[in-house]
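If you check TrEMBL, you get these features:
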REGION    1-20  region 'Disordered'
COMPBIAS  7-17  compositional bias 'Pro residues'
TRANSMEM  255-275  transmembrane segment
TRANSMEM  287-306  transmembrane segment
DOMAIN    340-394  domain 'MIR'
DOMAIN    403-462  domain 'MIR'
DOMAIN    470-526  domain 'MIR'
TRANSMEM  600-621  transmembrane segment
TRANSMEM  642-659  transmembrane segment
TRANSMEM  665-684  transmembrane segment
TRANSMEM  696-714  transmembrane segment
REGION    809-838  region 'Disordered'
REGION    901-925  region 'Disordered'
Amino acid sequence: MASKPSPFFPPPPPPPNRIHEADARLLQPRSRDHYDSPSAYLKPSSSSLAGAKFGSQIKRKEWFLVASVVALSLVVRLWNIWEPSSVVFDEVHFGGFASKYIRHTFFMDVHPPLAKLLITFAAWLGGYQGGVDDFKDIAKEYDASVPYVMMRLLPGLLGVSLVPLTYLTLRSLSCTTTTSLLGSSLVLFDNALVAQSRLILLDSPLIFFTATTIFSYCRFSNEDAHAPFQRSWWRWLLSTGLNLGFVASCKWVGLFTIATVGFSTVIQLWTLLGDIKVKPRMWARHFVARLAGLVMVPILVYMFTFRVHFWLLHSSGEGDGFMSSEFQHTLRGHGMADTFAEVAYGSTVSIRHYNTQGGYLHSHPHNYPSGSQQQQITLYPHKDDNNDWLIVNTTHSVQEGPIKYVKDGDQVKLLHKGTEKRLHSHDVRPPISEVDFQQEVSGYGFEGFEGDANDIFIFELSHSPNKSARKQLRTLRSHFRLRHMLTGCYLFSHKVKLPEWGFEQQEVTCNKNPSLDNSLWYIETNENPLLPSGADRVNYERPGFLSKFLELQAVMWRTNAGLTDRHAYDSRPTSWPFMRRGINFWVKDHRQIYLIGNPFVWWGSTFAVLTYMAFRGLLILRAKRGFRDLHHPLIVRYDSTLAFLLGGWFLHYFPFYLMQRQLFLHHYLPALWFSILLLCVLFDMATSKIRPKSRLAIALVIVIITLVGFRRYSPLSYGSPWTKTKCETGKWRKSWDFSCADFHDSLSDYDITTSKPLTSPLFPEPIESQSTTAGSLNVKIEPGPNVFDPKVDANPAVAADAQGQQILEKGRDEGVPVHGGADDLATGSPDDEDPSPTLVPTVIQERQAEALAREEEKKRREEKLEASIGLKAAEEPLIPFKDLEGEEKVEAEQLVAEALENDQKEEEEAVAEAEAEAAEIEAAV
């Protein structure tokens, strides 16, 4: 069938009586070496960087542009990075992890360690010694001993580097200089990328290593298309492998980057397999080289970061409970003396749960508040005397005669040493897990009572990993189940906490249909006076690095999957490309940091993704109808590049739909970077046929629009002053839930509530806060009280009084002359004598007395109203307000309206008086 001309790139009419050139190529036998290789999306045009040294294709002016972009990025990313001077969002976690690294105390986190290690290195360079409570709470002011500026500089500099990396990646994809500058500008002026790179968070290292990986892989693919197995080819292959290891070692989201490179590599190898010029031996070399560089190298890097992790965290810490007992005993502070190996009747043992972080079977002299109200049996995570149990037979409480060892199938009773109660179960539902197939487990018995049949349990040793421990009970080696003799249920525990009456310890029940892991137990310690001192003793087998590494991966996976609780600012992937809501990072002193992107960047990149998908679908439909758009060299090149970037966006975005854990907007940032690249390549394609100056003009307009969006929302990225009016006008979507009520009405209101002087390793002297000057008066104003803090009195009058008192005391403490006379204020001459002891204190005392009087008047009115209501209640039965009728309802409504009106008047008077007091205090000062 004759092909139809493409409206996108119409070919010139063929000469008369000659076959069209494209048709002639189709009629010729196609050799197998003519293929669109996976590096076709990187296949160079005349401006390509491939096939030559990287710098040889970039002119000096272009390097000047790169340097200019870096300089601008330094300003945008690092401007006032010391603000805020308090803990922001997840700095609570990742700053705290740096403290634990420095103190060498073990912790457990769901993320791999590389990014945390880099932050710790920055803290170490800043001289940090590691405090326990330095990162305890959000909005907590940093102490002078915490080099938080140095720690923020690490992600900040990586955020700076992302901007030139974007430029170089686009140039490696054969885009023009204008397009590359456009891409770096979009990354530079995105508010979300700016905000997350200014804080002690893991997203900046993650995105940086994602970018270095894709850049290295683009360079490798360019080299592979022209000169494989050359020195530069090996260099870029190794660089890609190293960066794959780095990105996976920051967060497991880096696995999506590995998938992006992996799919492209598979396509490369598949295409090479179809090239008859590539002999099988050569193809094997390609395969082995990629296997070593893109698989083995990342694995080794990933494991090495955990090797450093274990080397630093060698002492017992908060994360011990997540790990197995064998793992815990490799940490300092968890040592245990050797204990008897064979368990006999009369042995005092401690019994540990095999699963749920290995708590101890525990009891204490406290009863259940419901059910049988007998003594509580719990799972307790720490060593304690209340974990000791005595193994006795079913007929005698004390072992008599020759020693008898406990074997598989033996019926025993377990006597709690501390309270003399026996482990007991009966047909009573447990207090928390009230289901039919679970029974309560309690401690039961009293003096002189030998127990009953509900105290008898049967040892089942068939699940022990060691064959010799399946017949006879052995310490640490036998894994057993305890089956209740009468009811057939098994001693069981799971991750359910008891309330306060159970001291939030873990619930223990008797389950008739338990999971195997949650019903397995083992004995950790074993003491028996009847055993000879020379009897066999055992201890935990110390696991090697590989065992610890694999165990930690499993714990990280389970913990990560278990983060299913809702968060006030979590969101689902459907909302991310359209930026339906952000994340509130920090609110303090009428400022706010809220993670939100530049709307023009986010919506523009999402529109580009949808546009390419629609365009590609149209090309497929046109190809079905005989059009040859996909044979046009320009479309083939751009289509391959766009397909690669779309794949990267897809693989970094859609896997989140499969996750049920907590998700946040920042999880979309790596996919955002791919969508920005796709937008730029689409721009490069759309402007490929116009003049360079016109392309530059269009790009400049886009950058200006982007800059407008960045400027509008920069107060939320930097935590800088903003006004309520600008905040309200900036809410372009109702779902954007940043709080405009936290901002002042005017920027001038921030002049009297500035931040405290700041210090950092980079600035040894305090950075002066704003000051107010009247003549020679120069008093630094400290932050006013945070009225949003429940611990602070929100009464405006009291707040104003406190601020005035703060000004006075600050001036006295620092020896600053505070002038009280009218002549001094008029002339501005200094006064070496002490400030007037009468004027300012008198004003403050008067205002405080007035505030107290108002409070007393309010209480009197409330008491009067309560007395009136009480009188009515004494005369007649209490009637709900909705059931009142006639005059009674009218009277009640009048009382309520009067109370509301009085409260409103009081609030208005308090605000007016507070403003007058502030002005009076300022004049007095």
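Keep in mind that glycine also has a Cβ here, set from the backbone N, Cα and C atoms.
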Using DSSP, what's the helix, strand and coil tally for the domain 'MIR' (470-526)?
6 helix, 27 strand, 24 coil
Taking DSSP states H, G and I as helix and E and B as strand, how many residues of the domain 'MIR' (403-462) are helix, strand and coil?
3 helix, 23 strand, 34 coil
For the transmembrane segment (665-684), give me same-chain residues lying six or more residues beyond its boundaries with a C-beta closer than 8 angstroms to one of its C-beta atoms, as numbers and ranges.
162, 166, 169-170, 173, 175-176, 179-180, 182-183, 186-187, 190, 192-193, 196, 201, 203, 206-207, 210-211, 253, 256-257, 571, 573, 575-577, 579, 581-583, 595-597, 601-602, 604-606, 608-609, 611-612, 638, 641-642, 645-646, 648-649, 652-653, 656, 698-699, 702
Counting only residues 6+ away from its ends, which parts of the chain sit with a Cβ under 8 Å from the transmembrane segment (600-621)?
186, 189-190, 192, 577-579, 629-630, 635, 639, 642-643, 646, 649, 672, 675-676, 678-679, 682, 702, 705-706, 708-709
Can you work out which residues elsewhere in the same chain, 6+ from the ends of the transmembrane segment (696-714), have a Cβ less than 8 Å from its Cβ atoms?
178-179, 181-182, 185-186, 189-191, 194, 596, 598-601, 604, 683, 687, 720, 730
I'd like the per-state residue tally for the domain 'MIR' (340-394) from DSSP, helix first, then strand, then coil.
6 helix, 28 strand, 21 coil
Limited to the domain 'MIR' (470-526), I'd like the whole-number average of pLDDT.
90
